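Listed in Swiss-Prot:
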- 73, 104, 123, 124, 125, 126, 127, 128: S-adenosyl-L-methionine binding site (BINDING)
């Protein structure tokens, strides 16, 4: 099973790449975490945010495999504790499907992306900056994996 983080945006600060990559290299070979960056359309003064969101959504959907289990990261989604995330991860692994985690642009995910999603997950009721989301996701996925392995990284 591969986990794909499909995120709108690019050119992250060095601390983001360093933090994200630290957890990517810790993930097991049979459950790699792959980042797919979707270029963000230029946002000009007169640009229609709704059209930009649709355009971003089309690019995200093109990045998906037909058999991917899609999880949209949405504020309105279901929140999981870290142990619950590890249980989700085990279910994903048992399904044999690749998992695609979708992170929208500044205006969120398009309706088409939300409709394609098998699940909606809320990391927090707070609005989180996109760079921080990448690092947070990578760390939480690694932490969930360590729970499944009985590794002492996670403590309750």
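Placed from the backbone N, Cα and C atoms, the Cβ positions cover glycine too.
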Handout entry: Sparsest-packed of the listed binding-site residues (126, 128) - C-beta count within 10 angstroms
Key = 126
Practice task
Would you count the other CB atoms within 10 A of the CB of residue 124 (S-adenosyl-L-methionine binding site), including those on all shown protein chains?
Solution key: 10
Fill in the blank from the handout: Within 10 Å, the Cβ with the most other Cβ atoms among the binding-site residues 73, 123 is that of 73
Completion exercise
In this structure, the one of the binding-site residues 104, 125 whose CB has the fewest other CB atoms within 10 Å is 125
Handout entry: Whole-number Å value of the largest CA-CA distance among 73, 104, 123, 124, 125, 126, 127, 128, listed as S-adenosyl-L-methionine-binding
Key = 16
